Amino acid sequence: MKLSISKVANGARLGVISNIGRNGDKTLEVPGCLLYTKTGSPPHLTHDTLQTIEGVPAVTHITLSTLAEHQEVLEEYKEGIGKFAGMPDAVLYCSTHDPVSPCPTGYNTNKAVSLWGAGGRIEMTAQKFISAQRVLRPDWFQCLSDGEVTPGGNSRKRVKKSVDRTLAFLDECLQLLSGHEDLKPCVLIGAVEGGDLLEERLRSARETAKRPVGGFLLDGFHGGSAEKELSLISAVTAALPEDKPRFIHGMGRPDEVLECVQRGVDLFDSCFPYRVTERGCALIFSHCYRPDPETAVLEKSETSGAERNGDVGAESEEPDADRAEMTSFEICLKEKRFREDFRPLLEGCSCYCCRNHSRAYVHHLLAAKELLAGILLMIHNFQHYFRFFGSIRAALRDGEINALAELIRKQSS
């Protein structure tokens, strides 16, 4: 795996990761995102349906927490999760946890990290972890780490222990890896821990960079774009080598993505469009930093604040918890005001859903609890999100990243 940076603007890095995959014949542009999956499959979608989506990332994101309990089956299969899940040619990145599912805290020890799957808790020692990676056969995988500590709410002693444990797990995994020829083509991604303590974040970053890892995961950030988190991200990326990619999980809102991109982060998960789909919502934010004057007025009226968030008191079947999580970048199609709205989800969108169906139809599917609702929303939300990353790269090439950041900022609540 080789990262080539072609341009740096306001901290944002434009480049290409080449020589990826078992055959080293694929590339991934950065800034970019990964294709989020549940147990190896894109949520709501078949692989045939996935082919209808434009701009699908070259790297697929799988999660050890959802696959560890199926290890015996995969051991019998003997050909890895890629072929088992119908993706024999996919480049796979395996993270330890599913960014969508919060993990209970207080279960990690010096010897093992706790994973949480459908069947409950699974204790993962370094030996078991490497054994699982040999069965899954990913191209990249996040090293085992004590990621329970997040910014805020942890003692200094607990934060320091998190960093110490993570470095110990990294050293043990590297030692175990050296004894397995079948894992030599795999790239190990080191995790940077440290909660909200700058000195511990920097210690974790510098010590991890001394080890032979292929990239870095900025772990323990879960969105909100708080100034404290953003300043920590800036400090960590400044301490990392420039020739290796930086990953982050849990920062998926468009405004969060741009804040992180401008602080040197390269790769993101694509959990955000999945969360939006699960709320019965559709992404409608604009990422066109050079709008067509003929359509600018239409787009402005289409994506007004009321349009995105819904009118106050709008009738909806949306649970209160879901409404609280809604962002200004989406509309809730469960609201009854869409019953007779025969426009596409987003004017100008070329996805299958917008070309063939209306807001009213998706509203009906949601009201009737039809499975097709999730399929159509996932198609639209994935494609819109993937195109957003294309706009980020184009804005960097054109020297317009500040214009794009301002456009997104104006749409954020």
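Glycine residues also receive a Cβ, built from the backbone N, Cα and C atoms like all the rest.
The feature Zn(2+) binding site is assigned by Swiss-Prot to Cys349, Cys351, Cys354, His380. Summarising the annotation, Swiss-Prot assigns region 'Disordered' to 298-321.
Sequence features annotated in Swiss-Prot and their locations in the structure.
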{"residue": "Cys349", "record": "Zn(2+) binding site", "CB count, 10 Å": "18"}
{"residue": "Cys351", "record": "Zn(2+) binding site", "CB count, 10 Å": "22"}
{"residue": "Cys354", "record": "Zn(2+) binding site", "CB count, 10 Å": "22"}
{"residue": "His380", "record": "Zn(2+) binding site", "CB count, 10 Å": "27"}
Additional residues around Zn(2+), ordered along the sequence, whose Cβ is within 8 Å of the centroid of Cys349, Cys351, Cys354, His380: Pro344, Leu345, Leu346, Ser350, Tyr352, Cys353, Arg355, Ile379, Gln383, His384
For Cys351 (Zn(2+) binding site), the three-state class that DSSP assigns: coil
Per DSSP, three-state class assigned to His380 (Zn(2+) binding site): helix
